[in-house]
Amino acid sequence: MAAKRGRNRSPSPDPEGMFAGMVVFMVEIGVQRRRLQIWKQKLVQMGAVIEEDRVTKKVTHVLAMNLEALLHKFGKERLSHFTARLMLYQWLEDSLTSGEKANEDLYVLKIDSEEVDKPKKSLPAISGSEDQSSPQKRTRYSPDAGDFKGVESHSNTQGSPDSPTSCSVPSTSASPGEGIAETPTSPQSESTSVYKPPDLNRNITEIFGKLINIYRALGEDRRSFSYYKAIPVIEKFPTRIESVDQLKHLPGIGKAMRDHIQEIVTTGKLSKLEHFETDEKVRTISLFGEVWGVGPATALKLYEKGHRTLEDLKNEDSLTHAQKLGLKYFDDIKTRIPRQEVQEMEQLLQRVGEETLPGVNIVCGGSYRRGKATCGDLDIVVTHPDGQSHKGFLTKFVKRLKEMNFLREDLIFSTHSEEGTDSGVDTYFGLCTYPGQELRRRIDFKVYPRDIYSFGLIAWTGNDVLNRRLRLLAESKGYRLDDTGLFPATHSSSGNRGARGTASLKLSTEKQVFDFLGFPWLEPHERNL
């Protein structure tokens, strides 16, 4: 019998690895099979032994997605006799991300709470983690969007051409080993990528979403991001939150955040938000910050000039062309785009792209690729497999789309592929219309050389929690990561790490980037962290 159990254990642990000495039992409830297998492989590679059959006295750690999953698997009575440490999978993710074992005490699951006597009957699969990308284009946060979009860029135009962000096509990177994403060919393949968290606590996430927008408008991106990180955690929580005691072990939910949640579940409102909404300056700056192209500095200047409404801004001569368009189509741009509409527009772009340049690869990234139900805008990531034909494509593509009356107004247009400047990336930001409609939608195109396409696809798929984690992980290993590559970081004369090197590592697929950084592979629809 002992021999049989031995065959079920993962073989050959590294005796000197980070997890050496650990014997781990992994609760499968709420975890996708592929993710579970990856975690097991990582544990074994780094020294742990996996116990597949049952929790024996040799088991040192039991990992679970949450307390409900643990209770559902074993029951409270049986758990009370375990000598192993009961811990969240988040501990494993954070350890793998940082490259060293995280403090176990912060991830322990406790079973002595009276409110957990009865486990829930059904538990949704959850795949999680967390991030923020560098300052980039500003759009109003919606709980359905899940993208954090930072500050205004140069020339007061919203969104730097070098800064990835927002929404797009299904989970299309067919397999981790393939470099070019493929378009799904059936409703079945598309539906499997849809992101559907339990979302039982919109009373909390909607208030946090409003605070995100206010803090962004005030230029306080760090505070804004703290609420942004908390929202996916709350969205994925499998039950209605009635007490903050339910959240004490969750990542990204600190004491201040728990105090806000307690006030919301107790009173149905948040005094901090009410204060902001009654403050004329905050209210006005927040409103102006919702205009495409207007960041915190510009919003404050407009307020100090005496403007208080969007109607006032229509007579403001200092607005740029892009800001005037953002003002003119303010309501259109704020209107979210249904998933089906994004899919149809993406297919139109692929068809026109193929007519313009056979073999071109066009993928809609961002929230849509991550499986969200709606998008704030469309982020289109483009390349060509031969590594050369993408040069000059965007100019011809935009011209054709304008002839079709699909692209209507330009915001930003910069080309570098033919000159070889700016990493050879071409950029177009503008407004488009769905066929048969006049409602303006925001659309961005980024055309990448094939050899850096994987970096662009990761960056423009997001989410921003993931992007930030990957950047920090790269920095910890002596690299700088952005949408154009992974570069060895140079050092200043004082020995401090400075700017990035000039040559990027050659990593042709998203999975190769994840693997090099040592971050567990996530399918696009798993990246709503």
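In case you wondered, yes, glycine gets a Cβ from its N, Cα and C as well.
Just one of R258, R283, R308, R336 is listed by Swiss-Prot for the same dCTP site as S367, Y368, R369, R370, G376, D377, L378, D379, N467, and that one is R336. Cross-referencing D312, D444, D451, D464 against the Mn(2+) binding annotation in Swiss-Prot, which names D377, D379, picks out D444. Of the recorded residues, D444 (Mn(2+) binding site) and D379 (dCTP binding site) place their C-alpha atoms 5 Å from one another. Highest Cβ pair count under 8 Å relative to the region 'DNA-binding' (295-298), across stretches 213-227, 370-379, 418-459: 213-227. When secondary structure is read from DSSP and collapsed to three states, R370 (dCTP binding site) falls in the coil class. Along the region 'DNA-binding' (418-459), the predicted structure has mean pLDDT 95.
Secondary structure by DSSP for the region 'DNA-binding' (213-227): 12 helix, 0 strand, 3 coil.
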